[in-house]
Every structure is written in C-alpha cells, then in structure tokens.
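Asker: I have a structure here, written as structure tokens, and I will follow up with some questions on it.
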Amino acid sequence: MKETPLSNCERRFLLRAIEEKKRLDGRQTYDYRNIKITFGTDYGCCIVELGKTRVLGQVSCELVSPKLNRATEGILFFNLELSQMAAPAFEPGRQSDLLVKLNRLLERCLRNSKCIDTESLCVVAGEKVWQIRVDLHLLNHDGNIIDAASIAAIVALCHFRRPDVSVQGDEVTLYTPEERDPVPLSIHHMPICVSFAFFQQGTYLLVDPNEREERVMDGLLVIAMNKHREICTIQSSGGIMLLKDQVLRCSKIAGVKVLEITELIQKALENDQKVRKEGGKFGFAESIASQRITAFKMEKAPIDTSDVEEKAEEIIAEAEPPSEVVSKPVLWTPGTAQIGEGIENSWGDLEDSEKEEDDGGSDEAIILDSIKMDTREVSNIGSQDAPIVLSDSEEEEMIILEPDKNPKKIRTQTISAKQEKAPSKKPVKKRKKKRAAN
C-alpha cells in the first residue's frame with residue numbers, strides 16, 4: 001500500500017511555517033522531541049520512544065566460528081526491520097531502498113566506529129568467538145527512524161549481559177546466570193546519530209524532522225558523534241549542495257545534542273540497575289500506570305489482626321439479644337411476599353400479564369365446553385330412528401346410523417350432467433365407424 005501523498009495546500013502550509021520558524025508540534029528549530037527509554041525483563045531488551053516514533057531493540061549472542069581473516073575478533077550483526085505495523089507504506093518481505101540505506105548507516109555508525117571491543121568477544125582464537133546480534137523493530141513511524149534506531153541499538157548493547165565462559169584445555173564451559181553472573185560488553189564510546197533536514201535548497205534547517213517534515217524536505221544530513229565530539233560517520237542525501245559553514249554549524253549542534261542524549265542513556269541505565277538490585281518493579285511493567293483501570297492492581301492495605309478475638313467478644317457482649325417474636329410478612333409492593341418457616345405463603349396481586357394468561361385459559365375452557373355440548377347433541381340425535389346421511393363429495397360412503405344394529409355402508413355415485421351425456425355419444429361414434437366400414 002502506497003503512502004498518501006501530501007496535497008499542495010499541506011505542502012505550502014508546512015513550508016510557510018518553516019520559513020516563519022514554526023513547527024506543527026510547537027518545537028523550536030533546534031529542539032529534539034521527548035526521548036523515553038524503557039527496559040524489558042531480560043538484559044538487552046529496550047524500547048526507545050522519540051516522540052511518536054518507537055523502536056524495539058533486542059540483543060542476543062551465540063558461540064560461532066570466527067572469520068578466517070579475523071580469528072581473534074568477535075562478530076557484530078545489525079538488522080533493522082520495517083513492518084506494516086509501523087506504517088502501511090512498508091511492504092513485508094521486501095527490502096526497500098530506505099531499509100538498505102538505514103542498515104548500512106547503522107553498521108557504519110556502530111561497527112566501523114569500533115565502539116565495541118570485538119577482541120574481548122574471543123573465547124578460543126580461531127575456534128570460538130561470540131556473535132552479537134542486534135535486532136531492531138520499528139513499532140511506529142513518525143519520522144527520524146535512524147536517530148531512534150541508533151539510540152535503541154546502543155542502549156540495548158549497554159544493557160546486554162552475555163553468559164560467562166571458562167576454558168580448560170580444549171573444553172569450553174558455558175555457565176548459566178544462576179551459576180555465574182553474566183558479563184557486560186566492553187563498550188568504548190556511544191555513537192549517536194543526529195539528523196538535520198534542509199529546506200529551500202539549504203536555506204532553512206531543522207533538527208529531528210517528523211514524518212510530515214521529511215516529506216517536504218529537500219535534503220538530509222546525518223552526523224554520528226559521541227560525547228567526546230568525535231565524528232563517527234557523516235552522510236548527506238537528497239542531492240543538495242551544502243557549504244562548509246553549514247556542515248560545521250550542524251556538527252556543533254550535534255555535539256550538544258549527543259551530550260544530552262548520552263547523559264539521559266546513562267541515567268536510565270543506572271536507574272534500571274539500581275531497581276534490579278533492590279528487587280523493585282523493573283522492565284516494561286514499570287511503564288504501566290497503576291492508577292489506570294487497565295492495570296488491574298490494587299495497593300495492599302495493612303490490617304492488624306493481633307486482637308481480633310478480644311474485639312469480637314466485646315462486640316458480642318455489647319450487642320442486644322435477638323427477639324423471639326417472629327414478625328408477620330409485610331407486602332411492600334403488589335406481587336411480592338415473604339416466605340419463611342412457620343409462616344403461610346402469601347402473594348400479592350397478580351400482574352397484568354398473568355391476568356391475561358388466566359383470561360386466555362378461561363376462553364379455551366369455554367370453547368372446550370361448547371365442543372363437548374355439540375358432541376352430546378349429535379349423540380342424542382343419533383339415538384332417534386331416522387337415519388342420518390353425511391355427504392360432502394360426488395362419490396363417497398353413506399353411513400346409516402340405526403339403533404341396536406351395525407352400521408351399513410352404501411356407496412352412492414352422483415352423476416353430473418357431463419357424465420350423463422358421455423354414454424349417449426359413444427354409440428353414435430360406433431355407428432359412424434360401422435357405416436364407414438360398410
């Protein structure tokens with residue numbers, strides 16, 4: 001399904017707002033959207049929300065054989081998926097140009113920048129190394145996918161813990177988390193992508209464009225940088241010509257934004273680690289508000305049950321003894337009554353529907369009585385000497401009812417006028433045939 005194109009009115013409105021240094025969501029030119037980081041129950045799972053753009057990151061590991069030309073280095077693999085759940089324009093099972101470009105940019109940003117010590121992932125040189133796989137799933141698309149994906153990838157890598165391993169001779173022992181604590185990855189720095197959108201052939205500049213702003217932009221500049229102001233990668237797309245001063249200005253802005261995002265990531269990781277040690281609520285359950293009706297949770301109230309028996313005895317002693325007189329049934333409304341032991345059942349007035357049913361039953365009883373009377377009259381008539389003839393059709397049985405005798409059946413035939421004329425014609429035809437023969 002293709003995305004719905006913007007109309008000319010929407011395009012002109014967006015460009016006019018950018019010229020006046022205004023944005024639809026109320027941000028300034030260099031403002032980022034709110035970033036929210038939540039962690040899953042397992043290590044290496046996180047969700048990053050950049051405004052309404054949401055990316056799920058999951059890191060997994062596996063012991064594999066190393067590459068022939070790098071026998072002492074581990075393997076890093078990055079995979080970004082764009083599903084139709086994020087936007088209907090993304091086609092499943094097909095790698096679009098956007099997906100290929102994003103995957104290559106992520107690999108250059110995280111793998112080629114040597115942010116992770118791959119030599120620490122080696123278990124046995126030339127035989128066993130760790131393969132770290134980072135899967136990124138776009139849950140909702142509202143612009144600036146690369147920034148949200150880079151943040152999700154580096155956060156998931158920092159949060160991930162691999163199982164501990166020991167080597168004795170040729171034997172490699174893999175320990176479970178219960179036997180030994182998992183080992184975090186060795187990360188040198190955290191490269192983060194910052195996107196800049198250019199409009200009117202580079203005249204206007206916006207940081208962190210949303211989905212509608214990406215549709216009307218002329219070009220995009222992505223700068224990957226760490227908090228030490230070291231540029232890891234830079235990419236320009238869209239075919240616009242940028243001046244040296246514009247690139248330098250974008251790099252200075254990226255340095256400030258990367259420093260703020262790095263502090264936010266470190267703070268989120270510290271809070272999650274602190275909560276896990278204290279045994280509190282962590283993971284995606286932390287983002288569920290307990291005040292909402294969808295939480296299905298109530299706070300436990302402390303109850304003191306130390307002196308329950310004493311209080312119960314006091315209440316029983318102060319209470320009045322029950323009365324021995326049984327109260328009479330009281331009809332509060334028509335159609336209700338009280339039934340109990342030793343009391344007769346009493347019912348109120350019947351409802352209108354019940355009355356109608358009773359009236360209908362009485363009518364049926366009257367009809368049945370009338371039918372019985374008719375049968376009695378017929379039997380009285382049959383007891384007389386005169387026979388009764390019942391006839392309905394042209395040819396039927398006649399029953400003569402006589403007292404003290406078995407009924408005799410006599411079959412009569414009623415002949416119509418047409419049947420009387422038929423035999424007179426037949427001999428005429430025979431005569432004509434005889435004359436013809438003579």
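Placed from the backbone N, Cα and C atoms, the Cβ positions cover glycine too.
What TrEMBL records for 349-362 is compositional bias 'Acidic residues'. Sequence annotations record features per position, and here TrEMBL assigns compositional bias 'Basic residues' to 424-438. Taken from TrEMBL, the feature domain 'Exoribonuclease phosphorolytic' covers 32-163, 189-254. Residues annotated as region 'Disordered' in TrEMBL: 339-363, 402-438.
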Asker: Tell me the residue counts in helix, strand and coil for the domain 'Exoribonuclease phosphorolytic' (189-254), as DSSP assigns them.
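Answerer: Going by DSSP assignments, the domain 'Exoribonuclease phosphorolytic' (189-254) contains 17 helix, 26 strand, 23 coil.
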Asker: Given the model, what does the mean pLDDT over the domain 'Exoribonuclease phosphorolytic' (189-254) come out as?
Answerer: 91
Asker: Treating G and I as helix alongside H, and B as strand alongside E, what does DSSP give for the domain 'Exoribonuclease phosphorolytic' (32-163) in helix, strand and coil?
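Answerer: When I sort the residues of the domain 'Exoribonuclease phosphorolytic' (32-163) into the three classes, I find 34 helix, 52 strand, 46 coil.
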